[in-house]
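Have a look at the structure below before the remarks.
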């Protein structure tokens with residue numbers, strides 16, 4: 001217990017080997033569990049840590065969330081049946097039975113679990129491995145008095161079953177205060193008292209700060225140990241005297257004696273602060289993340305329907321605008337424009353569908369990777385593969401509608417070539433969206449960065465600027481443009497086998513291209529480059545995804 005800034009959360013993080021990089025841990029620091037030194041790996045095996053903020057994937061139900069947690073938290077030798085049984089047991093222990101099939105939801109946006117239910121779900125996630133030690137940071141934060149009492153009662157029941165429960169709390173009600181077996185009062189980063197609530201009354205009476213009758217002891221202790229605005233120096237002097245009094249007391253002396261005995265026996269085991277290991281195998285982590293990501297896609301049918309409806313409407317609109325083009329000089333210009341619209345639509349539609357994928361889940365990802373639930377690569381692969389079917393269906397639907405309506409080159413081979421190129425474009429732009437999403441720290445930042453970064457690639461597509469006219473100093477950038485490869489590939493597919501005479505030209509029109517070869521020469525494209533266009537698009541997919549993974553990994557490392 002203690003006021004804000006007393007050091008409660010910092011202490012918990014230090015105990016649990018979770019201190020951030022900005023916090024320096026003294027080399028002489030040691031953690032003791034039952035009087036024995038413990039390292040990070042042992043702490044991970046014996047301790048569960050419930051953080052202050054509840055972070056969940058809102059589209060899952062409480063039960064689905066716990067099944068995922070069981071898949072990545074429980075030891076790899078545990079069978080699927082045992083994991084499900086453990087999930088059922090935890091649901092029963094933490095009174096989540098009535099809401100187990102309710103969506104978790106997103107506070108303020110999607111209706112779901114109540115604040116108390118979300119907090120109990122957070123406890124359930126950590127309790128799956130049945131750890132003997134449970135650490136909770138501000139479990140009653142943001143809850144009303146009834147919900148706060150309910151949550152602490154749940155923790156009390158866990159402690160009565162043999163678990164050690166440590167929690168931080170600001171100012172509990174007198175009812176809550178009576179539930180605690182021991183209290184640790186903190187002020188200005190120091191220990192002001194450690195012992196039972198009854199011993200606290202005696203200690204504060206001894207130093208001349210007796211709690212009045214019919215007064216909440218918790219409120220009284222926090223007020224005594226608070227820094228009062230305008231009287232900072234006086235408050236700090238009072239706090240220092242209280243802490244000094246405790247430091248020379250019986251409890252403090254016993255702790256010091258125990259520590260010295262361990263030091264003499266060389267029993268202190270100094271281990272790396274980040275010595276955590278993964279409970280699940282690589283494949284199990286991948287399976288779990290893929291399953292959760294796929295559920296998230298399926299749980300948002302409206303979003304999928306909107307995407308498919310949008311694709312259909314745009315394809316029909318483009319088809320009606322360019323309906324039934326003929327092989328004339330005007331028709332050639334219209335067809336070239338329609339083909340470029342294929343690319344711009346596939347790019348912006350798919351890039352902006354994925355540009356928020358990772359930023360929206362970033363807080364959950366950071367917390368779960370810090371807790372060593374899964375690796376960065378399993379998360380990235382699971383997320384991207386789960387969304388792949390949609391990015392194959394969208395280009396198929398778009399091409400199947402717009403291609404015949406416009407009257408592009410007939411023949412199944414030409415259609416399949418165009419479909420393959422459009423599908424590659426959809427997945428290149430998806431990969432680029434992933435890169436922007438992984439590189440940006442927020443959704444608003446990703447949406448701001450995306451469009452201006454895409455525009456340069458658009459300019460080098462060969463529609464606005466002839467590929468032979470690209471300045472030397474921008475040549476390298478043109479090789480990174482998927483518009484260039486896809487535009488060239490689609491135009492080769494359209495015009496390469498158009499023979500002289502197939503294009504209708506008047507005798508007086510000397511600028512009309514008489515064959516497909518002339519059209520390609522005018523655009524500085526070569527029919528022999530078609531295989532290289534496919535290779536270029538495939539390499540961009542791989543390159544952008546590897547870059548996105550590296551960006552995500554760097555972001556995860558910075559947060560550790």
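Backbone N, Cα and C define each Cβ position, glycine as well.
Annotation comment: TrEMBL describes 1-213 as domain 'ABC transporter'. The annotation transmembrane segment is assigned in TrEMBL to 302-323, 335-359, 380-403, 415-441, 453-474, 534-552.
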Key: Other parts of the chain folded back onto the transmembrane segment (534-552), taken as Cβ under 8 Å at six or more residues beyond its ends   = 358, 365, 376-377, 379-380, 384, 420-421, 424-425, 427-428, 431-432, 434-435, 437-439, 479-480, 482, 484-486, 489
Request  = With a Cβ cut-off under 8 Å, give me the same-chain residues at least six positions beyond the ends of the transmembrane segment (335-359) that come close to it.
outcome  = 307, 310-311, 314, 318, 321-322, 325, 365, 383, 387, 391, 394-395, 398-399, 402, 406, 408, 422, 425-427, 429-430, 432-434, 436-438, 440-443, 445-447, 450, 454, 458, 461, 463, 482-483, 486-487, 490-491, 494, 548, 552
Remark   = Taking the transmembrane segment (415-441) as reference, the highest number of CB pairs under 8 angstroms among 302-323, 380-403, 453-474 goes to 380-403
Residues from the same chain, set at least six apart from the ends of the transmembrane segment (380-403), whose C-beta lies under 8 A from its own = 286, 288-290, 292-294, 296-297, 304, 307-308, 311-312, 314-316, 318-319, 338, 342, 345-346, 349-350, 354, 357-358, 361, 415, 418-419, 422-423, 425-427, 430, 434, 545, 548-549, 552
Message = Could you tell me the mean pLDDT the prediction assigns to the domain 'ABC transporter' (1-213)?
response = 86
